[in-house]
Amino acid sequence: MQQFVNLTLGGVIIGAVYAAFALALVLIWRSTRIVNFAQGAMAALTTFIALSLIEGGQSYWVGLAVALVAGLVIGAVVERVVIRPVEGGPELNAVIVTLGLFIAIQALISVLFGVNQRAFVAPFSTIGFRAGDFTLALSPNTLFTLGAVLLVMVGLIALFRFTRVGLAMRASAFGQEVARLLGVRVGRMLTLGWALAAVVGSLAGMLIAAEVTFVAPTFMDSLIVFGFVAAVLGGLDSPIGAVVGGLLLGLALSYVRGYIDDTLVGLAALVILVVVLLVRPGGLFSTTQTRRA
Amino acid sequence: MGTLAQPPDTTGSSTPYEDRSPTARLEMTGISVAFGGIKALTDVSLTVEPGQVHGLIGPNGAGKTTMFNVACGLVRNTEGRITWRGEELRRLRPAQLSKLGIARTLQGVGLFPGLTVLENVMVGAHKHARAGFFSALFAIPTSDKDDARLRERAMTSLAELDADGYAARYPGSLPYPVQKRVALARALVAEPELLLLDEPASGLSEEEMRELGDLISHLSGRMSVLLVEHHMDLVMRVCDQITVLDSGKQIAAGTPAEVQNDPAVTEAYLGDAVDDTTDVSELAGIDGGTQRG
């Protein structure tokens, strides 16, 4: 029973981070029909920028703020400079470009920060709360992780639902040409979409770094896989789907880790991906019937 | 749709249409368009007078849609000039249209599938929002007021087209004629000075087409209309001036009565059919002359 409770808690927490990461992928997919495979590397870069600030004596919060702003800038620049030329072209071109970007950014991190593992200290205590004589897999730091993800989700939903910019972004996502005819600055909306996605990705990077406590240039590689599976599980088009997909995946993988074997987690994620694509290729929450694969 | 023929409610300044007499004239002079070596339009000129409805007709493939697309910047003319409000439009891009006071509807419907009817119309009123990009993004109070005003305008526009009852629905769940009304509301909410209508009657019943005719006549006092349409009875009823194209060339222009009595027009519409009959008859060894009706 204790094990079940802790696996569930652990699953929800890691699932929340997957959800944030999946959300970043969905934001970009919705507006540009591109899966950004460089998302993990971009987040690793901003995490390393924050880490060097923290190691240099700045507080965690300065590091976090800088990581988020750096994410915003990197996301916008990447869209404008690298992605814009392949937007609207064949999907394969965009895939190759984001994969190339992934490799390039990872190499850049190694050049700038070295390839060694470095310790990442969590902003809050990672010692679990106690319930009677047993320790829960829930600590002040995991509460912070959950809260941060929740805050970002609510913020994004509010942005999309209730603001004019959100409306223009959604319109651009559903029909660029029509939106343009109505006077929406579609190019700006796409840039903003990538920038926001990169901010969410950066946040996920900072949160996962505090959970795993050691970071290397490749530390986000598994998260891009899990985030992608979560996004597909939720239907790639649906932000709510990304969140639910992330939580479901987090739980499933946590149970696999606890009850079966730690080494099977990656395999389990891919099995889930294959099953979803076979049984319900539109995902659990897909809003559009026709999805371009 | 029964309320369409009624005069607009001009009691409050919050209605989308303030009483104003249209003054802007669209002049297209000597327009030629070539796609590769093929000439789609050769030296076509037309002027949409302020407050008038100008019809653009012709058999299939005559170049109506090309001319229409030149007017809104989707197709670049190789020769000729376009003047709007006394200024020449060079390198017109679709995104500039709404700023210039020009709105267009699309063949078919072109509503955003993932946005509600109200949100669709709100995107059309986009240019009227005052708050800047960042204040809207961060939901600063002026922008909240803005959103409320935008919402109100959109509702008024929907109400004028008798579609306000569908505000919360998604376009995909509505009958085609209702969707067309919503699309029209979205074009009108921007208070255009020139409305470009691309085959607005396609897919409508006789009754709906008559109501559409009433609406267009009614709009013409407030704005200029360029109408591409192949339902001849509608065109003859609502247009002040008509330009007839055939094979990319202008073959007639004038009032509906003048155009109707122009032998060149009759020939363009019926001539092909006669020629076809002749050819087939000659091949079959029958006297073609008896077949001409």
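Glycine is no exception: its Cβ is also placed from the backbone N, Cα and C atoms.
Curation does not apply to TrEMBL; its annotations are automatic.
As written in TrEMBL, here are the features:
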type	residues	note
TRANSMEM	A:6-27	transmembrane segment
TRANSMEM	A:34-54	transmembrane segment
TRANSMEM	A:60-82	transmembrane segment
TRANSMEM	A:94-115	transmembrane segment
TRANSMEM	A:143-162	transmembrane segment
TRANSMEM	A:189-208	transmembrane segment
TRANSMEM	A:214-233	transmembrane segment
TRANSMEM	A:264-285	transmembrane segment
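When Cβ-Cβ distances under 8 Å to the transmembrane segment (A:94-115) are tallied for each of A:60-82, A:143-162, A:214-233, A:264-285, the top count falls to A:214-233. Beyond its flanks by at least six residues, the transmembrane segment (A:264-285) meets 222, 225-226, 228-229, 232-238, 240-241, 244-245, 249, 252-253, 256-257, 291, 293 of its own chain at Cβ-Cβ distances under 8 Å. For the transmembrane segment (A:143-162), the residues of the chain that approach it from at least six positions outside its boundaries are 12-13, 16-17, 19-20, 23, 27, 123-124, 169-170, 196, 200, 203, 207, 210-211, 239, 243, judged by C-beta separation under 8 angstroms.
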